[in-house]
2 protein chains.
Amino acid sequence: MQNKVSLPVIKRLPKYYRYLSDMHKNGVVKVSSSELAKIMGTTASQVRQDFNCFGGFGQQGIGYHVDVLLREITNLLFSEKKLDTILIGTGRLGRAISGYLTAEAKGYQLIAAFDKNPEEIGRQLSGVDILDIADLESFCKEHHPEVAVLCIPRQSAQELAPSLVALGIKGYWNFSHYDLSVVYDGITVENVHLGDSLISLGYRVRNN
Amino acid sequence: MQNKVSLPVIKRLPKYYRYLSDMHKNGVVKVSSSELAKIMGTTASQVRQDFNCFGGFGQQGIGYHVDVLLREITNLLFSEKKLDTILIGTGRLGRAISGYLTAEAKGYQLIAAFDKNPEEIGRQLSGVDILDIADLESFCKEHHPEVAVLCIPRQSAQELAPSLVALGIKGYWNFSHYDLSVVYDGITVENVHLGDSLISLGYRVRNN
């Protein structure tokens, strides 16, 4: 059933997870689809449809048990096995993101960082070695990372993408402006455009 | 006309800006709405509709001049006057984001950072002083920042929001999980949920 779940539903799951974690922490025992809908900014029908993608999680009319719902969604979203992850680009953004990844993010294990700058290579970043990007292939063939975090410019990402995909990397947390998912099939990409969100914000602040 | 522009259109503008900048750099002189649509992952009709929100930018049938289009969109998105910005929360994420904001982002001027941790207060961050959050009100009354970057937990953001809004801060680059826009009118919020995007990515990598 899970491979039929649509991307918008998947994108809402972390939000359900956050809200249900808060409720559970605050001792809330039951919650109706309309209460959840209100918090989520959607409709009760949408909430029920979302949960039906995963088999339901509860009975309509009597509400959901917060602990059951939270456990089910936690099981969906997290696995005991962490995803082996490499970070590419150890500039200012890469350093920032590596810190976030190792300190705040569940489910990922940073195993190496890569850069092409000789001054960076050989240093440590968030507890891992910074390796030469020229050694990417041999590293991947030995360690089989599943996820790559791209903190490099658009052009570099475009040049590197064929190798990364060919080396079997399935997941991309992509801070570059090159969207791999447009060109490559069978991979999963989460694009984060920090710059775009700042540009939109500035426009809206000036024009509101 | 500009105050009628819908949020989805505004959110696409930075992407147009990026693609047009690339084209201009690569010496492309003219571009049709269908070529733009292909790059943007949308339809030619959508592209024309988007540009019509701002008066058109060109004539249907003969394509758009890249330089004209880029100049118009640049004028829309950027202003010579930078937005005075404060950052709240100087933990790991705050430090990362302040570096990005001062080094990479156009249009914003970081003027102060705030924290409640006595060990942080008095230090410098990305060239500005870290001030006591208790001094937020007096600072804002003197300096009138327009934008706040929130790098604090959900609970802290919720507690601080009424003051920030009352002190006249109009724009929020929000990394916390408390969405101010649900509660407060007349403000502009860009939510960035780094954690959510990592959770979605992990789910999709495991289930694809």
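Using N, Cα and C of the backbone, Cβ positions are placed for all residues, glycine too.
TrEMBL annotations: computationally assigned, not manually curated.
Here TrEMBL flags A:15-54 as DNA-binding region.
Summarising the annotation, TrEMBL assigns domain 'CoA-binding' to A:77-179.
Annotated NAD(+) binding site per TrEMBL: A:Gly89, A:Thr90, A:Gly91, A:Arg92, A:Leu93, A:Gly94, in sequence order. Cβ environment of A:Leu93 (NAD(+) binding site): A:Cys151, A:Phe175, A:Leu194 lie under 8 Å away, each six or more residues apart in the same chain. In this structure, A:Leu93 (NAD(+) binding site) is part of a helix by DSSP.
Each of the binding-site residues A:Gly89, A:Gly91, A:Gly94 was scored by the number of other CB atoms within 10 Å of its CB, and the largest score is that of A:Gly89. Chain B has no C-beta under 8 angstroms from the C-beta of any of the binding-site residues A:Gly89, A:Thr90, A:Gly91, A:Gly94. Scoring each of the binding-site residues (A:Thr90, A:Arg92) by how many neighbouring Cβ atoms lie within 10 Å, the top position goes to A:Thr90.
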